[in-house]
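See structure below.
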């Protein structure tokens, strides 16, 4: 079956605030189709990650798809990767702030503190357990998407309203910093 573009639900939809369900059968055709659909949806939306709850499918599953784009011109290039039933098993003490946005919270950016490095475990789409150390931008994507699985949005992590800007203001910052 061909991948389908799924509608991305927006802030206010109760699914975004729920704890997502464990994926019991990774090889289930519905889960495999959802993975393909999420990969197509995040690419079309020009995002760097998307979690299953963002398309109203409350499973512990997300895609990390880092690549340079107008919002993140310095993002590292990586293959879109399905991360199923993920866990953070360790993290650095170093916390770094970075601007985040979300396909489910359009028009707003927030300065969010995250661990600079994390040790993670997840099952890939083929049923293999993966263990990795992620750093910098990819670690930030993982932590952002992981939060979605517990009903947490990036705006919940912003420490002050002064650390919130519009997408337009953010684009001006990006443009200024890439010249």
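Any Cβ shown, glycine's included, is placed from N, Cα and C.
If you check Swiss-Prot, you get these features:
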type: BINDING; residues: 102, 144, 148; note: Fe cation binding site
type: ACT_SITE; residues: 145; note: active site
What count of other C-beta atoms do you get within 10 angstroms of the C-beta of residue 145 (active site), across all chains shown?
23
Spatial neighbours of residue 148 (Fe cation binding site) that are distant in sequence (at least 6 apart) but have CB under 8 A:
16, 20, 51, 52, 53, 54, 62
CB within-chain contacts under 8 A for residue 102 (Fe cation binding site), separation at least 6:
144, 153, 154, 155
Using the centroid of the Cβ atoms of 102, 144, 148 as reference, list every other same-chain residue with Cβ within 8 Å of it (recorded Fe cation site), in sequence order.
49, 51, 54, 100, 104, 145, 147, 153, 154
Could you tally the C-beta atoms, other than its own, that fall within 10 angstroms of the C-beta of residue 144 (Fe cation binding site)?
24
